[in-house]
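Engineer: Would you mind keeping the following structure in view while I ask a few things?
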Amino acid sequence: MNNVKSGGRPVAIVAERYVVEKEIGRGSFAVVYKGHLADSSAGNVAIKAVSRSKLRNKKLLENLEIEIAILKKIKHPHIVGLLECERTGTDFYLMMEYCALGDLTFFIKKRRSLMDKHPLVRTLFEKYPPPSEHHNGLNRVLVVNYLQQLSSALKFLRSKNLVHRDIKPQNLLLSTPLVDYNDPAEFHARGFVGIYNLPILKIADFGFARFLPNTSLAETLCGSPLYMAPEILNYQKYNAKADLWSVGTVLYEMCCGKPPFKASNHLELFQKIKKANDVIQFPKHAALESAMVDLICGLLTFEPAKRMGFTEFFSNGLVNEDLSPYEVESEPDLETKSKNVAESNMFISEYLPTAERNKRASPIRLGDSCTLRGPCESPQGADPYPQDNTQSDQHEHLHADYSFQVEMGQDGQQADGEEKRKLYNNQEERSNEERQFGQVSNGRNQEDQLLLHQGRGQIPCEQNRQALQSHSHVAAKQIPDKDSKSSVSCQKHAASAPTKNDHRTTRLKEKTKCSYSDLLLEKEYVVVEKKSVEVNALADEFAQAGSGAPAIRLPDQHHNDASQALQMARHSSTSVSAANTAKQTLLRRNSRTLSSSGASTSRRPSLVDRRLSITSLGATNALSKALGMASLRLFGNSHQQSSNGSSTFKQNPNVTSLLSPQTFQDMTENAVLSADHQWDNSRQADVLHDDSIMKALENLTAKVYAIYSFAEVKFSQIIPLPPSSTQDPYTHKRMSNGSCAIDDEEDDIEHSPGAETYRKNSSGANANTGNYNFSLDTIHEMNLNDLPPNDLYILCTEAIVLYMKSLSLLAYAMHLTSKWWHESADKICPLKLNLLVQWIRERFNECLEKAEFLRMKTQSIQLHNGNQLSASTMVSEPVFVEKLIYDRALDISKTAAKMEMQGEYLEGCEVAYSTSLWMLEALLDDVSDEDNYNDDNLGHTGVLDKSDKEVIKRYIDSIANRLKALRRKLSR
């Protein structure tokens, strides 16, 4: 892309012939601009710019390459065409057909506003008025017209053995009619179907498409949940019929103005679809003909085998209905307005009033520099920080990247503080960099798309970027306090002066919450959430299955607020530290029960909550004490224990003691010391037997525990726990450099810049109750004082790759468990296996959250301390997780050897040797391609060659021999 000057201002030129104009659409990985040919302002195009920096793993890059390859091969009048593609060192540019009327959602959800402002849309809906003012459904003529155009494109795709996998209104674009033709004959001669003077539907966004013959099955989770076939939602293999389900949902929405099924999460959506039992409910105001109802019901059939097939669909009466009678009468007004729209060179959203365009959520995440720097000027009068004035009864067309606030419309009433805190915390939890490419629609206006997506937003021009950066720190940190104060203020007002509007406000809040859930689900992509949901769903199934004994009861989902955990800590009658008490409470609550019951579940606790769960090893016997002491001395972390070396937990009557941290601790200790080292991936075919699956899980659990513990050390250095108020004979101070502090009894932390911050923040702690006043803001400030930005950035990077390695092993463990479970005839599992599965679920969710939190922290460091980060840090050698684990394993084994030679802490030496062995063996595990991760320099896998593995095997043999000799010594 080149920058030249035209008329005194810079102009961006792509492929030496396309001029870049305003931004008209935005997604997670791409920005769409309006453009035109350099030698003619009449040749409009849509320029899709994809930054290579956003495609941070192989899957995302593959999706883009697939989209380019498919669009190059297919040419159809009802599919958005690819005109040209250019690759540069930093970006991909796709020059595509320009669709000035946006996408189908504009006609459905913005119809009323557009009728007032858009001349072509007003004329169109005057001729084909909506069937009812009570819903947003379209006139039957428009519905059938677009149904036929959609079916024409699908028929072409099937002839090429292609399945789109993401058909939804946002990917159905509308182009201006009567632009380069004048009559029906010419219209149909060009291959178009339908009515010649209506906007023309075109399928867009092939980021998820793939070649899939009729006889083939796929199992990749793709698409948008509200329009996703149930077999995909349930992680079953699927075929091209999945597209027909999506067609059914689009057809239903065109008729009724809303999707057929709504839910707050994917599993609940699946349960609702299944519970409907193929009985589709239609709004009472939507008077549909029987043929339309039959077609929708045939497409929305739960079982793919019973669902209408392509042959039946393509031969349906509505799909083949003769629409020529609607073309008999000439419509000069439509033709004139179409040409005026084309000549005006305005995108559909530019016709909306500023207030309507700004009726969107306010961004609170900060973006990086714009992908494309050109003449992208903010529209005159547009607010660069649009506040959310969204009416709660209207489902706005938003990209649900969890980066917006919900406020209460024109009444000025804000959503309650708790709900807004959940929205804010959700930003910390979502993993956008794992989202698949393709969530871009041309049908979004420029102001709407000033949303700054979580951690990776893009701003269309340099001046906006600088302005937002100047407000970044304040915006990010003021939101929680602002929410709390607003909530308190509203509550006081309600208590002192109740009004007759209270009930209406309550209903408005409830509707806003529903709309929020709808928005999240409507646009959410779940390719990378597949494993997360699978892990939790399988663990739920195990927890409910039992094993002759009572089933493991799941955590109470109605009380997962961190404040309750702290309250419990404050009023505990036992002399247990606040951290231990909070750990017991949160551990019971943090199992994300995305249950198959269909009930809406609460959010995962935020990192502010979950930070409390990183506490001591609750030792109750000599072996546990040795493990706790050894981990403190060998790993050098700051975990605390109670004064007598044991922990007392206040048991929640709603949860059995089987889910207590002590049970998990004893189980993992046993796995580290006694799991079968002989099991490896080559024996995965044996997992159909109960004893084999147990050996496999114990083996993987031990490896995960060793690497996870190392990751926890890194995490505790980034966000340290407040010091325990109870003196512990095994307490060992953390070294700021992360080294093992075994031979060095003096600690530099007491004299570090962060030490005073520790003392200030722990001064309010009560020695008996463990009452800590510890906020996220304080932690952030303490961290920046404790470690320089360079060290903190490297530390975060190392912790991320360790958590990711743990995640890959945990996912593999659940894959083996799922295989055993679904091929088991009796569906009865041993209690120990059940506990292992619950532990794996706990660690998976925790590692996922912390890895995402750390990723955002690295971005925050770059944003706030970019000029302080040395160039060597930003361009240094990538962090290899294999080298981290290898070096740590050797350090642990060498330190244990010194202790053994001195005759000290022999039980701890046994744990150390075992831990070192598991870490080295984990390096030899083969990870499938889809589990590899490569996020810039965040974790490079698959780097060990044959000679490296031979070296590791020699160390494994050597350490194993020392461990055998030590155990013989201990048995005497």
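Heads up, the Cβ atoms here are built off N, Cα and C, so glycines get one too.
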Engineer: Swiss-Prot tags one of 633-654, 743-764 as region 'Disordered' - which one?
Structural biologist: 743-764
Engineer: What kind of secondary structure is D166 (active site, proton acceptor) part of, going by DSSP in three states?
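Structural biologist: Looking at the DSSP assignment, D166 (active site, proton acceptor) belongs to neither helix nor strand, so coil.
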Engineer: State the Cα to Cα distance, in Å, between I24 (ATP binding site) and D166 (active site, proton acceptor), rounded to an integer.
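Structural biologist: Here the two Cα atoms are 21 Å apart.
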Engineer: Measuring Cα to Cα, how many Å separate A30 (ATP binding site) from D166 (active site, proton acceptor)?
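Structural biologist: Cα-Cα distance, A30 (ATP binding site) to D166 (active site, proton acceptor): 17 Å.
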Engineer: Starting from the Cβ of V32 (ATP binding site), draw a 10 Å sphere and report how many other Cβ atoms land inside it.
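Structural biologist: Around the Cβ of V32 (ATP binding site), 26 other Cβ atoms lie within 10 Å.
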Engineer: Does DSSP put I24 (ATP binding site) in a helix, in a strand, or in coil?
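Structural biologist: Once the DSSP labels are grouped into three classes, I24 (ATP binding site) ends up as strand.
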Engineer: How big is the gap, in Å, between the Cα of V32 (ATP binding site) and that of D166 (active site, proton acceptor), rounded to a whole number?
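Structural biologist: Cα of V32 (ATP binding site) to Cα of D166 (active site, proton acceptor) measures 18 Å after rounding.
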Engineer: Including all protein chains shown, what's the count of other C-beta atoms within 10 A of the C-beta of R26 (ATP binding site)?
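Structural biologist: Result for R26 (ATP binding site): 27 neighbouring Cβ atoms inside 10 Å.
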Engineer: How many Å lie between the Cα of R26 (ATP binding site) and the Cα of D166 (active site, proton acceptor)?
Structural biologist: 17
